[in-house]
C-alpha cells in the first residue's frame, strides 16, 4: 500500500459521507457512501476480499471523501457523483427496459394512448403493464366500450369508428366537456380495478338488449364481458386493498447482488424486474444505491408504497424517495418480500451454476484437445488466417484463446508488406516471423499451441520460420477445411498426420469457434482496407483531390456507393469547396463503370 494512502486512512473521520476511489491516472473508478467513513474506507485495505473487490483495490492509488450531515445526504450525493463520474466499478442501471402505460390525454377531446414515456403533464397514466400485448388488449377493450375519439388529427368527416359506435365524432358534432368527463370517469373506474362493477353493468345491458330482441347488440356486449373475464383471469388478485406497490427482495453471493422487484398494481402482481450486478459495498448500502438509481430511471414510475426487506432502513428510503416505505413484520406483504428474496437467491444460484458449467466445458475442451494432439494442455492458443482477393490488399490476422475463451485484447492485425501478389505461403511466413520475433524481443507470453488456418503448405511455411529461423519449438497444427469451407480436421507433425475429432465433442466445437473467429477477424480487416483502396483509387484522377481530401471524403461517406449517390451540397457539407464538390459530382456521375 502507498505510504500516502496509509496517512490518509489514519485521519479519516467517523462521520457519514461519500468516498471516491481513484486509479493512477487520477480517474474516479468507484464511488461509495458510508455511515462511518473511517470504518468503511479502511475495510477495503484490510481483511480478505473476493476476486472482484481485489481487482478494484488493486487499482486504487488515491481517494477523496466528502463528509455529509446525514445518511440521506450521503445517499443523494452518491447518486449525483455516480452520474457525474460514471465510475467503471459502479453499477449504472440502463434506461433500456421500459414498461407500457395506458394514458388518457388532457386534450379538449381526450384520447386513449399506449406510451412508454411517463411525462409530468396533465394526462392520466395507468400501469405499468407487463408487456405491450397486455396493454394493447386492455386498450382495445376500452376502445370498444367507451367512445372517446380515436383519430390523432381531427378529420373533416366521420370515420369508421363512429359507425361502429366507438366514437362520438367530435370532428363534426359537438361533444360537451360533461360527456367526455362521464366517459373518462368510467374508464378510470375500470383501470383502477373496477372490473367487476363494469362487468355487472355490461351484463345488465346485455340482458336488456336480449329482451328487446337486439341480438347483435347483446352479442357485442357478451364479447366485451368475455374480454373482461380474460383480462381478469390474467391478473389474479393477490391483495385486497388495491394499493399500487413495488415489493423488493435481494440476495448476495460471491461478490454479486441480485435484486428482484415485484410490481403490484390494483392488488395484482403484474410483472417482475430482475437486476444482477457486482457489489463492492455492504449489501444494505448496495441495495440503497440500486433503489435510488431504479427510480431515477424514467421508465420506473413511483407507486404509492414501496416494500423493503427487514435489513433495510425503510425510514431512509421513505425520506429519500418521498414515497411511503414499509418493512412488513407479518402478513401478505412479508410473504411477498420473502418470495422476492427467494427468487433473487435462486437467480444467483442459477447464474453461478451456468458459469461453472460453461467453464467446466471450456476447460475440458482445452484439456481434451491437448490429449488428442499428444501435447500438454494448450491453455493459450494463437491462430492465424490470411485474407486477400486476387492478391489485392493482402492481410493476415491473429487471434488468441485463453482457457478456451477469446482474449480480444490479444488479437492482432497485419498488413502484408514483403509479398507481391497472391502468395499465401509467403504471407504466412511473414506474419509468423513478425509475430514471434516481436514476442521474443519484448518477452511476450508464448502460446501453448499455434493453429494455422490452412493445409500442409501453410503449416510447413509457418513451421520453417518458427523452428528453423527463430528456434522456437511450439506445438503447431493446421486446421483443414472440407469442400464446404467448414472445419474438417487437424494436421500435426512432420510429415503432417491427420487428427480427426468427434464432430459432437466439445474440442471440435472449440476448433470451430477458433476457425470462425480468426476468419471473421481477418476478412473484416481486409474489407476495411479494400473499401478504402477502392475509394482512393476512384478519386485518383479527380482534379483537386489529394490524400488529405481523400481521407476526409472516406471518413464522411464511408463507401464509394454513398459518394456516387451524394449531391453537390452533400460534398460541400463534407468540407469540399463548391467548385471541387461540383467536379467530384460530375466525375462520379459520369463514371458509370466505377
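Placement of Cβ uses the backbone N, Cα and C atoms for every residue, glycine included.
If you look up Swiss-Prot, you'll see 14-91 marked as domain 'GIY-YIG', on the strength of sequence analysis.
According to Swiss-Prot, the domain 'UVR' annotation covers 196-231. Nonlocal intrachain contacts for the domain 'UVR' (196-231), taken as residues 6+ away from its ends with a CB within less than 8 angstroms of a stretch CB, comprise 137-138, 140-141, 144-145, 186, 189-190.
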How does the domain 'UVR' (196-231) divide up by DSSP, counting helix, then strand, then coil residues?
33 helix, 0 strand, 3 coil
DSSP-derived helix, strand and coil totals, residue by residue, for the domain 'GIY-YIG' (14-91)
31 helix, 19 strand, 28 coil
Where does the mean pLDDT land for the domain 'GIY-YIG' (14-91)?
88
